[in-house]
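Over in TrEMBL, the protein carries these features:
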type     : residues : note
REGION   : 1-93     : region 'Disordered'
COMPBIAS : 1-10     : compositional bias 'Pro residues'
COMPBIAS : 47-57    : compositional bias 'Polar residues'
DOMAIN   : 196-234  : domain 'Zinc finger Sec23/Sec24-type'
DOMAIN   : 277-504  : domain 'Sec23/Sec24 trunk'
DOMAIN   : 521-614  : domain 'Sec23/Sec24 beta-sandwich'
DOMAIN   : 626-723  : domain 'Sec23/Sec24 helical'
Amino acid sequence: MANPPPPPPSSSYSVGVVSLPNSNTPTPRPEKRPTPLAFNSPVATRFSPQRSPQDQFPTTSTPSPSTPSPANGMKVGNSAPHLSTPPGPPVFSSPLRPVSVPFRTSPASPQPVVFPPVSSLPMSSPPISSNGYAELQPQTNGSEYIDSEDSPYVLFSAQKVLKQKKKANIPSLGFGALVSPGREISSGPQIVHRGPHRCQNCGAYANLYCNILLGSGQWQCVICRKLNGSEGEYIAPSRDDLRNFPELSSPLVDYIQTGTKRPGYIPVSDLRTSLPVFLVIDQSLDEAYLQHLQSSLHAFVDSLSPTTRIGIITYAQTVSIYDFSEGLMASADMLPGNTSPTQESLKSLKYGTGIYLSPIHASLPVAHTIFSSLSPYKQNLPEVSRDRSLGTAVEVALAIIQGPSAEMSRGILKRTGGNGRIIVCAGGPPTYGPGSVPHSLGHPNYPYMEKTAMKWMENLGHEAHQHDTVIDILCAGTCPVRVPILQPLAKASGGVLVLHDDFGEAFGVNLQRASTRVAGSQGLMEIRCSDDILVTQVIGPGEEAHLETHETFKNDTSLAVEMLSVEETQSFSLYMDTKGDIKNDYVYFQFAVRFLNAYQAEISRITTVKLPTVDSVSAYVESIQSEVAAVLIAKRTLLRAKTSSDAIDMRVMIDERVKDIALKFGLPVPQSKLHRFPKELSSLPENLFHLRRGPLLGSVVGHEDERSVLRNLFLNSSFDLSLRMVAPRCLMHREGGTFEELPAYDLAMQSDSAVVLDHGTDVFIWLGAELAVQEGKSAAALAACRTLAEELTELRFPAPRILAFKEGSSQARYFVSRLIPAHRDPPYEQEARFPQLRSLSADQRARLKSSFLHFDDLSFCEWMRSLKLVPPEPS
């Protein structure tokens, strides 16, 4: 089958070139003066999501006629309408960067699509091909998957693919994968210190599923089925000899080149620990906030590696760039904040005698001095009205990290500077200088100025990304920071915007984790699939890239994604359709990620996946990974929930989606108008019920800025954190310091117990009233719960809030609102879904029942029945 030509480049994917404004005012010279040693809309998504056929499933008010499957009699409805024109390029949607957790967060973890080792190759004599050469076909049974305790690079929503297009492209459920290209796993990929063999037709990489002609060393591409040479490398007397090639024995391979042709490449022995971190600090804080910030900053620099280079800038009406060349004295060069720095000002900083980036081992004492010398805001102005030249400060930090375009001592080779991280510590909105908005939302010109500021910030973020510099913005306090203005700056650079209650513990932890989480830069991901599969949409921290590879690979139809950063804590969500009925027994997927790692070595990480195809709908449903499917559905839904009114619409769409899945894959209840949700997908509707009532779509979060930040974080986050943000994990403390995992129902609120609820960005510890009055016992339980919470979130970024409170307190409402109100269900349903109740005495059951207050919120079972569905049996 001929490969279709690649889609033409679209202007909607163009990246704006940043042009910093020039000032007509006289060039200010940096003013150096010692600081006294006082020790005392929202940005529109870059690729606007179009409504694809996958989002246009019919509502159940007029059910689609269904046809019985000859294989199993299961009812399968009509697929969504499809356009008669050829499919266009995938809708690529680019939310903010994101995040991960170091552990598998569900007892019923999805089975990772991993692959059998080469030892599963058949040991019988190989068949003879038509040219007389013995042919090796590494045959793998499509049902053989190796369970892994580690998070894999790729998770599919199903481990089998339906052959019939009409059955496969059910929009309410969909098919797709979560790809985590920067994820580190304990076993790790096989390492190859040479260039890869690639298909000269489509650009795919040789892998363990390729057919090999032993006599000639030729290999057949699994994507386009073309034969390719291997320069004699794959000539072998037997199959066993081919096992020595990592790419022919493992589905995960890293090709590493320590030498590079990158212009200006300068090998550095300890580059990873010497990358610069620039702190950009708001100097318009009240004393209480400043004291917390100072404590966090002191702890932060103490945690850094001795070779880490650090820079410090503060901003208010002016921008102060601290100079480390003055010994123990905290001195700073001053620039006005009302305009972008001029080229002459930047030259004075770059080529002058000042040292603005210095290794911690040489500058730790003066860094502590600088932090101690910061003074609180003196004037009597509200926080939101204070001048903050945040944009100018970031411009200066970026220019210093880039440094001069230094010519090497010999030759004319130049390097482009960069490769660092800027961390902004903000307590209020940018209200002064470029990228700023008026103090008041009531300003008559505010909408226009907001739009202008958003575009300026986005351009600055793109410039930072071009220089491999990531900008994280850590906000704290109660002052509105104007999230729509700051989000584009972090997002375009590959960074993250995080809101905190204050500059205390959680802020300090995030400060430390932000500086150490980068895995690589200049990332590019290429996605290749069998000709039967079409990638229709990608959601993640990147932008579609248009590569001119056709001179090398004549029919390269891969989808290329420019990654804004390459980090362990992020993932891409891929949504796929089948183009037509599939005739082959297997389909193949290959994910190639090329990036520079922290040591500036070039990495090509290749993951190849083989999935079996089936005719049976029941076999397909049994292979569905409910939790992966729930996360993919949630990300597609959240992408469209840009405002609070959108969120209400998306809750209705969740209802329609669940009904449609039941109609297409469930069975009707005899003598009833109800449908039974398929038992194989028992966790899916409950996870989606958590989604529609939780902080992402529900009314748990009060301020729209907070929900916007959570939404952007979620769209980029890894599978583990995404699942926890959708559906919380509930653990009850037991005697001896152990914990029992329970459903996240309000039936866990038993007065003699302590409960930990992990909801991704928040972890709650709830102490029952009876336990709280027993001082020794409650202290031990609280300590055990806090230890567990810290262990669960040890590597999570952003670090979640950990809140502890007692039953009946005002803060307990945060905990109660995230639990399903199962106390409304009849006792037999409670026991079926919450078996721990059976261990309670009659008196304990009565006390538990009497402790609940009446609310109008539906339980999960009531919600399902309101949709005319029978809830699935608990797994």
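Every residue gets a Cβ built from N, Cα and C, even glycine.
Heads up, TrEMBL stuff is auto-annotated, nobody curated it.
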Selected stretch (most C-beta pairs under 8 A with the domain 'Zinc finger Sec23/Sec24-type' (196-234)) from 277-504, 521-614, 626-723: 521-614
Integer average pLDDT (0 to 100) for the domain 'Zinc finger Sec23/Sec24-type' (196-234): 93
Three-state composition of the domain 'Zinc finger Sec23/Sec24-type' (196-234), taking helix and strand from DSSP: 0 helix, 9 strand, 30 coil
Summary of DSSP states over the domain 'Sec23/Sec24 beta-sandwich' (521-614), given as helix, strand and coil counts: 0 helix, 60 strand, 34 coil
Helix-strand-coil residue split for the domain 'Sec23/Sec24 helical' (626-723), DSSP-based: 69 helix, 5 strand, 24 coil
